[in-house]
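Chemist: Here's a structure for you.
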Amino acid sequence: MHIHKIQAREILDSRGNPTIEADVILENGIIGRASVPSGASTGSREACELRDNDPKRYAGKGVQKAVKHVNEEINQALQGLSVSDQENLDRILCQLDNTENKSHLGANAILATSLACARARALSLNQPLYMTLNQGDMMTMPVPMMNILNGGAHADNNVDIQEFMIMPIGAPDFPVALQMGTEIFHVLKSVLKKQGLNTAVGDEGGFAPNIQSNRQALDLLSEAIEKAGFRLGEDIVFALDVAASELFNEGFYHMSSENQKFDSHQLIEYYANLISSYPIASIEDGLDEKDWSGWKQLTTLLGNKVQLVGDDLFVTNPKILQEGIAQGIANAILIKVNQIGTLSETRQAIKLAYDNGYRCVMSHRSGETEDTFIADLAVASGCGQIKTGSLCRTDRTAKYNQLLRINELASLPYAGKNILKR
């Protein structure tokens, strides 16, 4: 299982922007391939996504520099090494880059290589990827957090909250969970049409209508759930990704669609009122990534009622997560492999979270590819929850379809209502 050659290429993501894909070719002829997503709403401390910044090509968004780094330095450094030792490969990649945020080689170049090595290993062993990724954690089929109403940076509309998600916790297994979500998605389209609202979709496949308030969004979802024949609060609960850093300006959080602005305490009260009115199980990035005093207050007041997920807050970084744990901030972490840049560091963040009673949510990015690696990683890590968008657009459904295949192979338990246990 030794590496013969690594080569990369520039491909397009789901937004039509360039991204990188890497092939790790082993001496036995096996080829492991991986491509890297890109976010729109990003944390300031994410690992560096290397772009060319050439205005004459792809408006500066090309990734030929990252491709060159893979084809030259990375290829030379890893040739002849075994893909059986993922930590060693990732350590060498980080040493080769030798920056805190992977800005020399680019986290996109490093991650494409790291994930392609893991896939090459699975193929060489003739085992499913989720099996070779598992490190002894109890594997489960995750509850999908289905983003069927889009706003914020993921849509061209007036909605402030970035993602309104449904979680089919009452399903007996993953295929039924997917069926429930899909049926609600299609009913929601008819509900929107009936009210004269736009049914165009945003970056992650959810509908992106202009509506009057965040409560109206939740009311529309509630109506669709009921009309689809499901029980709100029993079969389905809500999850929100506020992406509050996108709303924060000059000390206040601005809800433009509602013509309101809040300080941290007022916004926490706003969430408390929403939670009392709707079965909301999870709130992601409820406050700005730098508002740690506000986060501490949010966790104290609402942490025993809902899952409080840090995305921009923690950026899948074990060091930052450790700071949050020490200060009692949030109670869950969003896992995005491209925020940190290697599989090994991603695993470190997951383990650190588990060891300290934090939940993990596996996640895609708004600019995705057809790569399904995160579906296998969600199962392998036993995180029990996955965010991979709505129920349309192949870049989103590819992950759901991979989970269906895994479910067929593995007969694993569905996380279901267990994720609500605090």
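Glycine residues also receive a Cβ, built from the backbone N, Cα and C atoms like all the rest.
From Swiss-Prot, here are the annotated features:
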| type | residues | note |
| --- | --- | --- |
| BINDING | Gln162, Lys336, Arg365, Ser366, Lys387 | (2R)-2-phosphoglycerate binding site |
| ACT_SITE | Glu204 | active site, proton donor |
| BINDING | Asp241, Glu284, Asp311 | Mg(2+) binding site |
| ACT_SITE | Lys336 | active site, proton acceptor |
Chemist: Could you check which of the recorded positions Glu204, Asp241, Glu284, Asp311 is the closest Cα neighbour of Arg365 ((2R)-2-phosphoglycerate binding site)?
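Modeler: Going through Glu204, Asp241, Glu284, Asp311 one by one, the Cα closest to that of Arg365 ((2R)-2-phosphoglycerate binding site) is Glu204.
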Chemist: Give the three-state DSSP assignment (helix, strand or coil) for Asp241 (Mg(2+) binding site).
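Modeler: Looking at the DSSP assignment, Asp241 (Mg(2+) binding site) belongs to a strand.
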Chemist: What count of other C-beta atoms do you get within 10 angstroms of the C-beta of Lys336 ((2R)-2-phosphoglycerate binding site), across all chains shown?
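Modeler: Within a 10 Å radius of the Cβ of Lys336 ((2R)-2-phosphoglycerate binding site) lie 25 other Cβ atoms.
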Chemist: Relative to the Cα of Glu284 (Mg(2+) binding site), which of the recorded positions Glu204, Lys336, Ser366, Lys387 have a Cα no more than 10 Å away?
Modeler: none
Chemist: Looking only at Gln162, Lys336, Arg365, Ser366, Lys387, the residues listed as binding (2R)-2-phosphoglycerate, what is the longest Cα to Cα distance in Å?
Modeler: 17
Chemist: Whole-number Å distance between the CA of Lys387 ((2R)-2-phosphoglycerate binding site) and the CA of the residue listed as 'active site, proton donor'?
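Modeler: Answer for this pair: 10 Å between alpha carbons.
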Chemist: Pop the Cα-Cα gap between Gln162 ((2R)-2-phosphoglycerate binding site) and Asp241 (Mg(2+) binding site) into the table, whole Å please.
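Modeler: About 6 Å separates the two Cα atoms.
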Chemist: Name them in sequence order: residues not among Asp241, Glu284, Asp311 whose Cβ is within 8 Å of the mean position of the Cβ atoms defining the Mg(2+) site.
Modeler: Gln162, Glu163, Leu240, Val242, Ala243, Ile283, Asp285, Val309, Asp312, Leu334, Ser363, Lys387
Chemist: Take the Cβ of Asp311 (Mg(2+) binding site) and count every other Cβ within 10 Å, whichever protein chain it belongs to.
Modeler: 29
Chemist: For the residue listed as 'active site, proton donor', identify the closest of the binding-site residues Gln162, Asp311, Lys336, Ser366, judging by Cα separation.
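Modeler: Sorting the binding-site residues by distance from the residue listed as 'active site, proton donor', the top entry is Ser366.
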